[in-house]
Amino acid sequence: MEISYNQNKAELGKMLFFDPRLSKSGWLSCNSCHNLAMGGDDNRPSSIGHQWQIGPINSPTVLNARFNVAQFWDGRAKDLQEQAGGPIANPKEMASNHQLAIKILQSIPDYQTKFEKVYGDKDISINEVTDAIAEFEKTLITPASRFDQWLLGDDSQLTLQEKEGYHLFKEKGCVACHNGVGVGGNSYQKFGVVKPYDKDKNSLGRYNVTKKEEDKYVFKVPLLRNIELTAPYFHDGSVWSLNEAVSLMADYQLGIKLTDNETNKIVAFLKTLTGKQPEITYPVLPPENIHTPRPSIN
Ligand code: HEC
Ligand code: HEC
(Lines of atoms letter the chains of each structure in order from A and count residues from 1; the text may use other names and numbers.)
(Lines give C-alpha, C1' and ligand atoms only; values in the text may rest on other atoms or scores of the structure.)
(Ligands and ions follow the chains in the order given, each with its own letter.)
Protein backbone atom coordinates (compact mmCIF):
# COMPACT_ATOMS: atom_id res chain seq x y z
CA MET A 1 0.00 0.00 0.00
CA GLU A 2 2.49 2.65 -1.12
CA ILE A 3 0.87 6.03 -1.52
CA SER A 4 2.02 9.45 -2.57
CA TYR A 5 0.45 12.77 -1.78
CA ASN A 6 1.20 16.47 -1.52
CA GLN A 7 1.95 17.28 2.12
CA ASN A 8 0.93 20.98 2.18
CA LYS A 9 -2.26 20.27 0.30
CA ALA A 10 -3.16 17.40 2.61
CA GLU A 11 -2.53 19.58 5.70
CA LEU A 12 -4.90 22.20 4.32
CA GLY A 13 -7.41 19.49 3.42
CA LYS A 14 -7.25 18.18 6.97
CA MET A 15 -8.18 21.62 8.33
CA LEU A 16 -11.15 21.76 5.95
CA PHE A 17 -12.20 18.21 6.84
CA PHE A 18 -12.43 19.26 10.48
CA ASP A 19 -13.82 22.77 9.90
CA PRO A 20 -17.53 22.95 10.87
CA ARG A 21 -17.77 26.40 9.28
CA LEU A 22 -18.21 24.61 5.94
CA SER A 23 -21.74 23.84 7.21
CA LYS A 24 -24.58 26.34 7.44
CA SER A 25 -24.96 25.81 11.18
CA GLY A 26 -21.23 26.12 11.77
CA TRP A 27 -21.57 22.88 13.68
CA LEU A 28 -21.14 19.92 11.33
CA SER A 29 -17.85 19.02 9.74
CA CYS A 30 -16.95 16.08 7.51
CA ASN A 31 -15.62 14.51 10.70
CA SER A 32 -19.09 14.64 12.32
CA CYS A 33 -20.27 11.81 10.08
CA HIS A 34 -16.84 10.38 9.22
CA ASN A 35 -15.34 10.34 12.68
CA LEU A 36 -11.67 9.45 12.41
CA ALA A 37 -11.64 8.40 16.05
CA MET A 38 -14.05 5.57 15.29
CA GLY A 39 -13.32 4.01 11.95
CA GLY A 40 -14.15 6.97 9.71
CA ASP A 41 -17.93 6.70 9.96
CA ASP A 42 -20.59 7.70 12.48
CA ASN A 43 -21.62 4.28 13.79
CA ARG A 44 -25.29 5.07 13.19
CA PRO A 45 -27.81 3.38 10.88
CA SER A 46 -28.02 6.68 8.97
CA SER A 47 -26.45 10.08 9.58
CA ILE A 48 -27.77 13.10 11.43
CA GLY A 49 -27.43 16.28 9.40
CA HIS A 50 -28.58 19.91 9.47
CA GLN A 51 -31.41 20.57 11.95
CA TRP A 52 -31.15 17.03 13.23
CA GLN A 53 -32.43 15.61 9.95
CA ILE A 54 -32.02 11.88 9.60
CA GLY A 55 -30.40 10.95 6.30
CA PRO A 56 -31.60 8.20 3.98
CA ILE A 57 -28.52 5.98 3.95
CA ASN A 58 -25.63 4.69 6.07
CA SER A 59 -22.43 6.71 6.11
CA PRO A 60 -19.54 4.66 4.66
CA THR A 61 -16.07 5.02 6.08
CA VAL A 62 -13.63 7.50 4.55
CA LEU A 63 -10.76 5.16 5.50
CA ASN A 64 -9.26 3.66 2.33
CA ALA A 65 -11.97 5.38 0.25
CA ARG A 66 -9.27 6.12 -2.33
CA PHE A 67 -9.41 2.44 -3.27
CA ASN A 68 -13.09 2.67 -4.31
CA VAL A 69 -13.86 2.49 -8.03
CA ALA A 70 -16.13 5.52 -7.46
CA GLN A 71 -17.70 7.23 -4.42
CA PHE A 72 -21.11 6.82 -2.74
CA TRP A 73 -23.15 3.62 -2.47
CA ASP A 74 -24.42 4.18 -6.00
CA GLY A 75 -21.06 5.39 -7.35
CA ARG A 76 -22.49 8.74 -8.48
CA ALA A 77 -19.25 10.65 -7.79
CA LYS A 78 -16.34 9.54 -9.93
CA ASP A 79 -13.65 10.35 -7.36
CA LEU A 80 -12.93 11.85 -3.95
CA GLN A 81 -12.77 15.40 -5.25
CA GLU A 82 -16.13 15.22 -6.98
CA GLN A 83 -17.60 13.61 -3.86
CA ALA A 84 -16.38 16.31 -1.45
CA GLY A 85 -18.50 19.04 -3.05
CA GLY A 86 -21.68 17.08 -2.35
CA PRO A 87 -22.16 17.14 1.45
CA ILE A 88 -21.34 20.85 1.83
CA ALA A 89 -24.33 21.79 -0.31
CA ASN A 90 -26.64 18.87 0.57
CA PRO A 91 -29.62 20.39 2.46
CA LYS A 92 -29.88 17.27 4.62
CA GLU A 93 -26.19 17.24 5.47
CA MET A 94 -24.12 20.42 5.88
CA ALA A 95 -26.83 22.54 4.21
CA SER A 96 -24.49 25.29 3.08
CA ASN A 97 -23.74 26.20 -0.52
CA HIS A 98 -20.46 26.55 -2.34
CA GLN A 99 -20.59 30.38 -2.55
CA LEU A 100 -21.22 30.71 1.18
CA ALA A 101 -18.51 28.21 2.07
CA ILE A 102 -16.02 30.12 -0.06
CA LYS A 103 -17.08 33.46 1.40
CA ILE A 104 -16.44 32.13 4.88
CA LEU A 105 -12.99 30.77 4.04
CA GLN A 106 -12.08 33.86 2.02
CA SER A 107 -12.88 36.10 5.02
CA ILE A 108 -10.18 34.39 7.09
CA PRO A 109 -6.68 35.73 6.30
CA ASP A 110 -4.92 32.61 7.57
CA TYR A 111 -6.86 30.48 5.11
CA GLN A 112 -6.03 32.90 2.29
CA THR A 113 -2.34 32.50 3.07
CA LYS A 114 -2.59 28.72 3.21
CA PHE A 115 -4.49 28.50 -0.10
CA GLU A 116 -1.97 30.87 -1.69
CA LYS A 117 0.89 28.64 -0.56
CA VAL A 118 -0.69 25.58 -2.18
CA TYR A 119 -2.52 27.01 -5.20
CA GLY A 120 -0.58 30.18 -6.00
CA ASP A 121 -3.12 32.89 -5.23
CA LYS A 122 -5.38 34.16 -2.47
CA ASP A 123 -8.60 33.64 -4.43
CA ILE A 124 -10.18 30.54 -2.97
CA SER A 125 -12.34 28.38 -5.25
CA ILE A 126 -14.55 25.39 -4.53
CA ASN A 127 -12.32 23.27 -6.77
CA GLU A 128 -9.38 24.06 -4.54
CA VAL A 129 -11.41 23.27 -1.43
CA THR A 130 -12.49 19.86 -2.74
CA ASP A 131 -9.05 19.15 -4.18
CA ALA A 132 -7.42 19.75 -0.78
CA ILE A 133 -10.00 17.67 1.09
CA ALA A 134 -9.52 14.82 -1.40
CA GLU A 135 -5.75 15.03 -0.93
CA PHE A 136 -6.18 14.67 2.82
CA GLU A 137 -8.54 11.73 2.32
CA LYS A 138 -5.90 10.02 0.21
CA THR A 139 -3.71 9.85 3.32
CA LEU A 140 -6.42 7.96 5.21
CA ILE A 141 -5.22 4.43 4.61
CA THR A 142 -4.83 1.67 7.15
CA PRO A 143 -1.84 -0.52 6.28
CA ALA A 144 -0.19 -3.33 8.23
CA SER A 145 -3.29 -5.21 9.32
CA ARG A 146 -2.49 -8.63 10.73
CA PHE A 147 -3.79 -10.11 7.48
CA ASP A 148 -1.35 -7.98 5.44
CA GLN A 149 1.55 -9.01 7.65
CA TRP A 150 0.52 -12.64 7.28
CA LEU A 151 0.37 -12.26 3.48
CA LEU A 152 3.89 -10.90 3.64
CA GLY A 153 5.00 -14.14 5.23
CA ASP A 154 4.68 -13.71 9.00
CA ASP A 155 2.70 -16.85 9.76
CA SER A 156 2.42 -16.04 13.48
CA GLN A 157 0.03 -13.17 12.72
CA LEU A 158 -3.05 -15.36 12.19
CA THR A 159 -4.55 -18.02 14.44
CA LEU A 160 -5.76 -21.31 13.03
CA GLN A 161 -9.37 -20.10 13.30
CA GLU A 162 -8.57 -16.92 11.32
CA LYS A 163 -6.77 -18.89 8.62
CA GLU A 164 -9.74 -21.25 8.35
CA GLY A 165 -11.96 -18.18 8.09
CA TYR A 166 -9.89 -16.86 5.19
CA HIS A 167 -10.11 -20.25 3.53
CA LEU A 168 -13.93 -20.24 3.89
CA PHE A 169 -14.11 -16.64 2.64
CA LYS A 170 -12.51 -17.84 -0.60
CA GLU A 171 -14.11 -21.27 -0.83
CA LYS A 172 -17.69 -20.10 -0.18
CA GLY A 173 -17.38 -17.34 -2.79
CA CYS A 174 -17.24 -14.08 -0.79
CA VAL A 175 -14.04 -13.26 -2.59
CA ALA A 176 -15.87 -13.07 -5.93
CA CYS A 177 -17.15 -9.62 -4.89
CA HIS A 178 -14.92 -8.64 -1.97
CA ASN A 179 -11.44 -8.63 -3.46
CA GLY A 180 -8.51 -6.38 -4.35
CA VAL A 181 -6.54 -4.06 -2.10
CA GLY A 182 -9.61 -2.82 -0.22
CA VAL A 183 -11.21 -6.30 -0.08
CA GLY A 184 -14.13 -4.75 -1.95
CA GLY A 185 -14.86 -1.34 -3.44
CA ASN A 186 -14.05 -2.28 -7.01
CA SER A 187 -17.37 -3.42 -8.49
CA TYR A 188 -21.14 -2.91 -8.37
CA GLN A 189 -23.26 -5.89 -7.41
CA LYS A 190 -26.88 -6.54 -6.70
CA PHE A 191 -27.83 -6.77 -3.03
CA GLY A 192 -29.98 -9.87 -3.16
CA VAL A 193 -28.43 -11.92 -5.97
CA VAL A 194 -30.12 -15.15 -4.94
CA LYS A 195 -32.95 -13.85 -2.79
CA PRO A 196 -34.43 -10.33 -3.03
CA TYR A 197 -33.45 -8.00 -0.20
CA ASP A 198 -36.72 -6.48 0.95
CA LYS A 199 -35.89 -4.58 4.16
CA ASP A 200 -35.20 -1.38 2.22
CA LYS A 201 -36.96 -0.74 -1.06
CA ASN A 202 -36.31 3.02 -1.12
CA SER A 203 -32.63 2.97 -2.03
CA LEU A 204 -32.40 2.03 -5.68
CA GLY A 205 -28.59 2.02 -5.80
CA ARG A 206 -26.82 2.17 -9.14
CA TYR A 207 -30.17 2.69 -10.88
CA ASN A 208 -30.01 6.34 -9.65
CA VAL A 209 -27.08 6.84 -12.01
CA THR A 210 -27.81 4.60 -14.99
CA LYS A 211 -31.65 4.44 -14.95
CA LYS A 212 -31.36 0.87 -16.15
CA GLU A 213 -33.89 -1.56 -14.73
CA GLU A 214 -31.22 -4.20 -14.06
CA ASP A 215 -29.32 -1.72 -11.87
CA LYS A 216 -32.07 -1.50 -9.27
CA TYR A 217 -30.72 -2.56 -5.85
CA VAL A 218 -27.20 -2.75 -7.22
CA PHE A 219 -24.66 -1.12 -4.89
CA LYS A 220 -20.95 -0.54 -4.78
CA VAL A 221 -19.46 -3.50 -2.94
CA PRO A 222 -18.20 -2.11 0.38
CA LEU A 223 -14.57 -2.35 1.43
CA LEU A 224 -14.14 -4.91 4.19
CA ARG A 225 -10.98 -3.38 5.67
CA ASN A 226 -11.66 -2.21 9.28
CA ILE A 227 -15.11 -3.73 9.04
CA GLU A 228 -15.18 -4.46 12.78
CA LEU A 229 -15.04 -0.69 13.41
CA THR A 230 -17.94 0.37 11.20
CA ALA A 231 -21.17 -1.20 12.44
CA PRO A 232 -24.04 -0.98 11.73
CA TYR A 233 -23.81 -2.73 8.35
CA PHE A 234 -25.36 -2.48 4.89
CA HIS A 235 -26.51 0.64 3.05
CA ASP A 236 -29.54 0.87 5.34
CA GLY A 237 -27.50 0.26 8.49
CA SER A 238 -30.00 -2.39 9.47
CA VAL A 239 -27.62 -4.92 11.01
CA TRP A 240 -25.42 -4.30 14.04
CA SER A 241 -23.80 -7.70 14.38
CA LEU A 242 -20.98 -8.69 12.06
CA ASN A 243 -21.94 -12.34 12.49
CA GLU A 244 -25.45 -11.56 11.28
CA ALA A 245 -24.13 -9.50 8.35
CA VAL A 246 -21.93 -12.40 7.24
CA SER A 247 -24.69 -14.96 7.51
CA LEU A 248 -27.11 -12.70 5.59
CA MET A 249 -24.51 -12.25 2.85
CA ALA A 250 -24.21 -16.02 2.49
CA ASP A 251 -27.98 -16.31 2.33
CA TYR A 252 -28.81 -13.37 -0.03
CA GLN A 253 -25.69 -13.34 -2.21
CA LEU A 254 -24.66 -16.97 -2.37
CA GLY A 255 -27.80 -18.90 -1.49
CA ILE A 256 -26.04 -20.94 1.18
CA LYS A 257 -26.51 -21.38 4.89
CA LEU A 258 -23.34 -21.12 6.96
CA THR A 259 -23.06 -23.04 10.24
CA ASP A 260 -22.42 -20.89 13.34
CA ASN A 261 -18.94 -22.30 13.41
CA GLU A 262 -18.27 -21.23 9.81
CA THR A 263 -19.71 -17.77 10.45
CA ASN A 264 -17.51 -17.37 13.53
CA LYS A 265 -14.45 -18.30 11.53
CA ILE A 266 -15.22 -15.85 8.73
CA VAL A 267 -15.84 -13.09 11.27
CA ALA A 268 -12.55 -13.92 12.99
CA PHE A 269 -10.84 -13.54 9.62
CA LEU A 270 -12.62 -10.24 8.86
CA LYS A 271 -11.32 -8.81 12.14
CA THR A 272 -7.74 -9.41 10.99
CA LEU A 273 -8.41 -6.76 8.30
CA THR A 274 -8.30 -3.95 10.87
CA GLY A 275 -5.20 -1.96 10.01
CA LYS A 276 -3.05 0.70 11.60
CA GLN A 277 -5.38 3.68 11.97
CA PRO A 278 -4.11 7.05 10.69
CA GLU A 279 -2.59 9.15 13.45
CA ILE A 280 -4.30 12.49 13.21
CA THR A 281 -3.06 15.58 14.99
CA TYR A 282 -6.20 17.60 15.61
CA PRO A 283 -5.77 20.76 13.53
CA VAL A 284 -5.97 24.22 15.09
CA LEU A 285 -8.31 26.25 12.87
CA PRO A 286 -7.82 29.98 12.28
CA PRO A 287 -10.44 32.20 13.98
CA GLU A 288 -13.27 33.92 12.11
CA ASN A 289 -13.59 37.68 12.29
CA ILE A 290 -15.98 40.60 11.77
CA HIS A 291 -16.19 39.87 8.01
CA THR A 292 -17.06 36.20 8.35
CA PRO A 293 -20.69 35.31 7.53
CA ARG A 294 -22.39 34.06 10.67
CA PRO A 295 -23.67 30.53 11.23
CA SER A 296 -27.39 29.92 10.97
CA ILE A 297 -29.53 27.03 12.10
CA ASN A 298 -32.40 27.90 9.77
C1 HEC B 1 -24.42 14.60 7.82
C2 HEC B 1 -23.44 13.54 7.65
C3 HEC B 1 -22.34 13.69 6.65
C4 HEC B 1 -21.46 14.75 6.51
C5 HEC B 1 -21.43 16.04 7.29
C6 HEC B 1 -20.53 14.35 5.47
N7 HEC B 1 -20.81 13.10 5.02
FE8 HEC B 1 -19.76 12.00 3.70
N9 HEC B 1 -21.22 10.66 3.60
C10 HEC B 1 -22.35 10.65 4.39
C11 HEC B 1 -23.28 9.66 3.90
C12 HEC B 1 -24.63 9.33 4.49
C13 HEC B 1 -22.68 9.08 2.76
C14 HEC B 1 -23.28 8.04 1.83
C15 HEC B 1 -24.22 8.77 0.86
C16 HEC B 1 -24.59 7.94 -0.35
O17 HEC B 1 -23.89 6.99 -0.69
O18 HEC B 1 -25.59 8.29 -1.00
C19 HEC B 1 -21.36 9.71 2.62
C20 HEC B 1 -20.42 9.36 1.66
C21 HEC B 1 -19.13 9.85 1.66
C22 HEC B 1 -18.02 9.31 0.89
C23 HEC B 1 -18.09 8.10 -0.03
C24 HEC B 1 -17.50 6.87 0.61
C25 HEC B 1 -17.82 5.61 -0.15
O26 HEC B 1 -17.40 4.53 0.27
O27 HEC B 1 -18.53 5.67 -1.16
C28 HEC B 1 -16.92 10.09 1.15
C29 HEC B 1 -15.53 9.91 0.60
C30 HEC B 1 -17.36 11.14 2.05
N31 HEC B 1 -18.68 10.96 2.35
C32 HEC B 1 -16.57 12.19 2.46
C33 HEC B 1 -17.12 13.33 3.09
C34 HEC B 1 -16.45 14.62 3.18
C35 HEC B 1 -15.09 14.93 2.61
C36 HEC B 1 -17.28 15.46 3.88
C37 HEC B 1 -17.08 16.92 4.20
C38 HEC B 1 -16.96 17.82 3.07
C39 HEC B 1 -18.45 14.67 4.23
N40 HEC B 1 -18.34 13.41 3.69
C41 HEC B 1 -19.49 15.14 5.01
C42 HEC B 1 -22.57 11.44 5.49
C43 HEC B 1 -21.93 12.66 5.69
C1 HEC C 1 -22.37 -11.11 -5.40
C2 HEC C 1 -21.47 -10.23 -4.68
C3 HEC C 1 -21.25 -10.46 -3.20
C4 HEC C 1 -20.91 -11.64 -2.57
C5 HEC C 1 -20.71 -13.02 -3.18
C6 HEC C 1 -20.72 -11.31 -1.17
N7 HEC C 1 -20.94 -9.99 -0.98
FE8 HEC C 1 -20.79 -9.00 0.80
N9 HEC C 1 -21.58 -7.35 -0.05
C10 HEC C 1 -21.92 -7.19 -1.38
C11 HEC C 1 -22.66 -5.97 -1.56
C12 HEC C 1 -23.21 -5.43 -2.87
C13 HEC C 1 -22.77 -5.39 -0.29
C14 HEC C 1 -23.50 -4.09 0.06
C15 HEC C 1 -24.96 -4.44 0.32
C16 HEC C 1 -25.76 -3.20 0.71
O17 HEC C 1 -25.67 -2.77 1.84
O18 HEC C 1 -26.47 -2.68 -0.14
C19 HEC C 1 -22.06 -6.27 0.64
C20 HEC C 1 -21.92 -6.02 2.00
C21 HEC C 1 -21.20 -6.84 2.88
C22 HEC C 1 -20.93 -6.52 4.25
C23 HEC C 1 -21.35 -5.25 4.98
C24 HEC C 1 -20.36 -4.15 4.68
C25 HEC C 1 -20.70 -2.79 5.22
O26 HEC C 1 -19.81 -1.95 5.30
O27 HEC C 1 -21.87 -2.52 5.53
C28 HEC C 1 -20.19 -7.54 4.77
C29 HEC C 1 -19.64 -7.66 6.17
C30 HEC C 1 -20.02 -8.50 3.71
N31 HEC C 1 -20.63 -8.03 2.57
C32 HEC C 1 -19.35 -9.72 3.82
C33 HEC C 1 -19.49 -10.74 2.91
C34 HEC C 1 -19.11 -12.13 3.17
C35 HEC C 1 -18.47 -12.64 4.44
C36 HEC C 1 -19.46 -12.85 2.05
C37 HEC C 1 -19.38 -14.35 1.86
C38 HEC C 1 -20.18 -15.14 2.79
C39 HEC C 1 -19.99 -11.90 1.09
N40 HEC C 1 -20.01 -10.66 1.64
C41 HEC C 1 -20.40 -12.23 -0.20
C42 HEC C 1 -21.60 -8.10 -2.39
C43 HEC C 1 -21.27 -9.43 -2.18
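All positions are counted from 1 along the displayed chain.
Placement of Cβ uses the backbone N, Cα and C atoms for every residue, glycine included.
Annotated features, as they stand in TrEMBL:
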DOMAIN    8-116  domain 'Cytochrome c'
BINDING   C30, C33, H34, H50  heme c 1 binding site
DOMAIN    160-274  domain 'Cytochrome c'
BINDING   C174, C177, H178, M249  heme c 2 binding site
For H34 (heme c 1 binding site), nearby residues of its own chain (Cβ under 8 Å, 6 or more apart in sequence): G40, D41, D42, S59, T61, V62
Neighbourhood of C177 (heme c 2 binding site), C-beta criterion under 8 angstroms, separation at least six: G184, S187, Q189, V221, Q253
In sequence order, those binding-site residues of C30, C33, H34, H50 whose CB lies under 6 Å from ligand 2: none
Neighbourhood of ligand 1 - binding-site residues from C33, H50, C174, H178 with Cβ under 6 Å: C33
Counts of helix, strand and coil residues, the domain 'Cytochrome c' (160-274), according to DSSP: 50 helix, 9 strand, 56 coil
Shell list (heme c 2; ref centroid = CB of C174, C177, H178, M249; cutoff 8 A): F169, G173, V175, A176, G184, V221, L224, Q253
DSSP-derived helix, strand and coil totals, residue by residue, for the domain 'Cytochrome c' (8-116): 51 helix, 6 strand, 52 coil
Spatially closest candidate among C30, C33, H50, the listed binding-site residues, to M249 (heme c 2 binding site) (Cα to Cα): C33
Overall pLDDT for the domain 'Cytochrome c' (160-274), taken as the rounded mean: 97
